[in-house]
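Participant: Next up is a structure, given as structure tokens.
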């Protein structure tokens with residue numbers, strides 16, 4: 001009969017340079033609380049990974065076996081064991097951000113496969129990477145292109161932006177906006193795509209770029225704002241301090257600046273441009289480590305690949321918010337369920353009780369899940385009839401990370417302090433990482449972005465040779 005055992009996990013920390021250092025990092029504090037480690041005060045602790053991805057695989061604390069191997073051994077029929085490791089479809093993370101992350105996007109599954117085929121060194125995964133960010137503290141990010149009207153307003157307010165986007169192409173974009181062409185129209189998106197690609201390639205002329213950055217920052221000093229809030233101006237100055245001379249300094253002019261307060265959550269799928277700015281969050285992502293970067297990073301930059309995968313959707317930042325839903329029968333569990341099958345996040349808040357006998361159940365799921373304890377101390381009991389005595393009761397506290405197998409019926413009791421925990425799960429099957437393409441890196445294949453549109457022409461082709469966007473031609477008979 002199948003075992004239903006909770007398992008304590010030993011998880012993995014990523015020390016990326018943008019992370020907060022030492023015990024200033026929530027990642028470091030949670031990691032130290034749940035693991036036998038010493039924290040280096042001079043080292044950044046950026047991400048705590050909780051999942052099965054090969055770049056940071058969780059292991060069982062009791063025997064150091066990979067969680068992916070344990071799942072194969074205990075949760076699959078002997079007739080289904082075609083692979084040695086069974087991966088979860090998600091990675092749950094705690095993130096602590098001190099410095100702006102790269103301006104980036106993630107590919108769809110189809111795009112990831114193409115990128116992996118042509119450049120497996122920089123794009124090792126063939127899976128997509130949708131992302132959800134739940135704010136633990138005030139959390140700031142850039143996400144998604146601004147509404148077309150706001151981008152046009154900022155082009156007018158800051159001539160430097162129009163020059164980087166190309167005077168003719170940026171004017172063509174503005175003509176479309178002023179004519180009332182919908183920002184959802186393929187023509188408007190294609191016009192933005194041309195402008196964006198020209199801007200991102202401006203990094204190739206550093207002297208000219210630095211001159212425009214100086215002029216732009218001087219206008220901000222003089223009080224010019226366009227559609228920018230004072231909070232966004234602070235972000236621009238921070239990016240300029242973190243990455244002087246970087247074209248990403250202009251990104252808040254055309255990308256939404258979002259501020260999440262604790263408990264607020266946002267989600268964006270593949271093909272969406274974004275950059276985290278500051279704060280701490282719980283992040284859920286698809287089981288992939290592919291990132292396409294174009295600015296604000298010392299790492300590998302691939303402007304053409306980024307421009308190729310973006311969907312160029314424009315709109316308000318509210319589009320990305322994920323509202324919590326309190327579960328029926330579990331008033332202390334809020335569910336954050338985006339339009340994505342790779343992960344669902346549960347926020348679990350349980351008040352301390354004076355009665356040790358009071359048992360507070362959490363939902364039983366028909367899939368595996370990972371839970372991290374961020375605050376509190378209590379007993380966790382497995383009520384499943386098939387549970388072994390070894391794991392019937394375990395003492396949990398801040399920093400503990402638990403794998404909960406399918407069908408487990410768990411409850412908290414003896415909560416001496418308020419409990420705050422986060423649990424991620426999915427009913428999907430994870431990717432097969434044994435199929436990763438580990439061949440030598442190949443020369444990137446030239447590609448073109450094809451944007452479907454209505455009208456007489458079937459496609460509008462936007463490529464690196466495009467110097468101008470013909471408004472009259474492109475508007476004829478469409479939208």
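Note that Cβ sites are derived from N, Cα and C of the backbone, with glycine treated the same way.
So TrEMBL lists the following for this protein:
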ACT_SITE  293  active site
BINDING   104, 106, 131, 274  Zn(2+) binding site
DOMAIN    7-147  domain 'Phosphomannose isomerase type I catalytic'
DOMAIN    164-254  domain 'Phosphomannose isomerase type I helical insertion'
Participant: Where does the mean pLDDT land for the domain 'Phosphomannose isomerase type I catalytic' (7-147)?
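Facilitator: Averaging the confidence scores along the domain 'Phosphomannose isomerase type I catalytic' (7-147) gives 94.
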Participant: Please work out the helix, strand and coil residue numbers for the domain 'Phosphomannose isomerase type I helical insertion' (164-254) from the DSSP assignment.
Facilitator: 69 helix, 0 strand, 22 coil
Participant: What three-state class does DSSP give residue 106 (Zn(2+) binding site)?
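Facilitator: The residue in question, residue 106 (Zn(2+) binding site), is coil (DSSP, three-state).
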Participant: Show, in sequence order, which residues other than 104, 106, 131, 274 on the same chain lie with their Cβ within 8 Å of the centre of the Cβ atoms of the Zn(2+) site.
Facilitator: 105, 129, 268, 272, 273, 291
Participant: For residue 274 (Zn(2+) binding site) and residue 293 (active site), what Cα-Cα distance in Å is obtained after rounding to a whole number?
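Facilitator: Distance (Cα to Cα, whole Å): 10 Å.
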Participant: Return the member of 104, 106, 131 nearest to the residue listed as 'active site' in space, with distance defined Cα to Cα and candidates limited to these binding-site residues.
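Facilitator: Nearest listed residue in space: 104.
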Participant: Name, in the order they occur in the sequence, the residues of the same chain whose CB lies under 8 A from the CB of residue 131 (Zn(2+) binding site) and which sit 6 or more residues away.
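Facilitator: When sequence neighbours closer than 6 are ignored, residue 131 (Zn(2+) binding site) has 106, 267, 268, 274, 283, 284, 285, 286 within Cβ distance under 8 Å.
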Participant: Which of the listed binding-site residues (104, 106) has the least company, meaning the fewest other Cβ atoms within 10 Å of its Cβ?
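Facilitator: Minimum Cβ neighbour count within 10 Å, taken over the binding-site residues 104, 106, occurs at 104.
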Participant: Have a look around residue 274 (Zn(2+) binding site) and count the other CB atoms within 10 A of its CB, chains all included.
Facilitator: 23
Participant: Could you put numbers on the helix, strand and coil content of the domain 'Phosphomannose isomerase type I catalytic' (7-147), residue by residue per DSSP?
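Facilitator: Counts, helix then strand then coil: 34 helix, 43 strand, 64 coil.
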